[in-house]
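The structure under discussion appears below in the form of structure tokens.
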Amino acid sequence: MAKLSCSYFFILMLVFSALLMVECDEGKRCHTTIDKGNFCDLVDCRLSCFSGYNGVGKCFDDPKVPGRSNCGCLYNC
């Protein structure tokens, strides 16, 4: 019985990890940070995001990334 439970648990973990590996589905919005560590200029941020990802760029503060403001890009996955 213990072997059977362990096998089911292992299969369940494989299925769960496969679902986690899928980053984005169609129609979902993804976010990436552009030019980490550089001060965000809104015009350059929006231009970089639109040309690179066909998305919308905005400046934001991120405590994990040094600097006053960073460029974030929202785009369709």
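The chain as shown is numbered from 1 upward.
Each residue, glycine too, has its Cβ placed from N, Cα and C.
Over in Swiss-Prot, the protein carries these features:
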- 1-24: signal peptide (SIGNAL)
- C30-C77: disulfide bond (DISULFID)
- C40-C59: disulfide bond (DISULFID)
- C45-C71: disulfide bond (DISULFID)
- C49-C73: disulfide bond (DISULFID)
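Around the Cβ of C45 (disulfide bond), a 10 Å sphere holds 23 further Cβ atoms from the protein chains shown. Between the CA atoms of C30 (disulfide bond) and C73 (disulfide bond) there is a gap of 8 Å. If you compare Cα positions, C77 (disulfide bond) sits closest to C49 out of the disulfide-bonded residues C49, C59, C71. Within 10 Å of C59 (disulfide bond), judged by CA to CA distance, lie the following disulfide-bonded residues from the set C45, C49, C73: C45, C73.
C49 (disulfide bond) sits 9 Å from C71 (disulfide bond), taking the CA atoms of both as reference points. Each of the disulfide-bonded residues C40, C77 was ranked by the number of other C-beta atoms within 10 Å, and first place falls to C40.
Distance from the CA of C45 (disulfide bond) to the CA of C73 (disulfide bond) is 8 Å. DSSP assigns C73 (disulfide bond) to a strand. Of all the disulfide-bonded residues listed (C30, C71, C73), C30 has the fewest other CB atoms within 10 A of its CB. If you take the Cα of C40 (disulfide bond) and the Cα of C71 (disulfide bond), they are about 5 angstrom apart, rounded to a whole number.
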